[in-house]
């Protein structure tokens, strides 16, 4: 069986960071203020108002929950919020905060109006989450000192602060935690024009020469995700410097991305393998997830969490009660004739009428 977690992490079009080295590149390319932030106009407009109002009142910004698919800029927005408010940012993640004391240590070291950013906040343990509730509401925490009969609860006052939580799984947040966020913002996938502007800005920061058509070609294959766009830009830049004169044109971008097995709609080998299995091995579906996993040699979780979301979001795949089904868009993409709509796929449980 293929090591799916490792394989998913190494995909050129994966929306999660591939390595700590890539995170360094991301930090260098991040916009530093809202005026430089491309896309998410509704969220950006709301934050501009809320931040300005909080600054005028000299109060901390209300607690902010950012949710949406990975790679859309949640961490970037957290850093921008802190910078626009003129305060410090402390960053951690849900899995790191294993004990109540871990969170208490962070909270007690915050200065007035600081921002505490918790990534993957849906993965907080229940014990840590309980400590967080009074901190969010009253800027106080209760900690236990001592053990056994001598143990006692001590209430500690905290400086006013802003919690910015980020998650790709908003549905996994408990209701009490979700209700404590005054500002809730969903980040959406970017369109090609927005991504093209991001690519051109990043190219300028990387001192890469790119024309608008080259930027658009990269943008169209970036699956609506800035992180993927910036990763593809770096690889296309490498190709342009070695195989051409360093100028990224549409033709150079197309050749570089073809070399990377990224097709015109942003599919890679794994996407195509899944869709072609449904088309050719299961006559377009429906096919159960376990049968599909066995057919392509991938884990069920990898299909559900890594491969399917983008294919469903773009209309290439449907989940039905009977299994996964390829759409007409998928048939067109692979240059195949779609089945007659009046000829439903027969299930193994269907029986012919008695003669």
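Each residue, glycine too, has its Cβ placed from N, Cα and C.
Annotated in Swiss-Prot:
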type    : residues                                             : note
BINDING : 29, 30, 71, 74, 75, 76, 137, 138, 139, 180, 190, 227 : ATP binding site
BINDING : 75                                                   : Mg(2+) binding site
BINDING : 300, 319, 324                                        : DNA binding site
REGION  : 4-190                                                : region 'Large ATPase domain (RuvB-L)'
REGION  : 191-261                                              : region 'Small ATPAse domain (RuvB-S)'
REGION  : 264-355                                              : region 'Head domain (RuvB-H)'
Structural state census, the region 'Head domain (RuvB-H)' (264-355) (DSSP three-state): 41 helix, 9 strand, 42 coil
Residue 29 (ATP binding site) versus binding-site residues 300, 319, 324 - nearest by Cα: 300
Candidate nearest residue 300 (DNA binding site) in space, where candidates are the binding-site residues 71, 137, 139, 190 and distance is Cα-Cα: 71
Greatest C-beta neighbour count within 10 angstroms, which of the binding-site residues 75, 137, 319: 75
DSSP helix/strand/coil residue counts for the region 'Small ATPAse domain (RuvB-S)' (191-261): 51 helix, 4 strand, 16 coil
Fewest Cβ neighbours within 10 Å, where candidates are the binding-site residues 139, 190, 300: 300
Rounded Cα separation (Å) that holds between residue 324 (DNA binding site) and residue 71 (ATP binding site): 26
Cα-Cα distance linking residue 319 (DNA binding site) and residue 139 (ATP binding site), given in Å to the nearest integer: 45
PLDDT averaged over every residue in the region 'Small ATPAse domain (RuvB-S)' (191-261): 93
Distance, residue 319 (DNA binding site) to residue 137 (ATP binding site) (CA atoms, angstrom): 41
Three-class DSSP secondary structure - residue 139 (ATP binding site): coil
Sparsest Cβ surroundings (other CB atoms within 10 Å) among the binding-site residues 29, 71, 324: 29
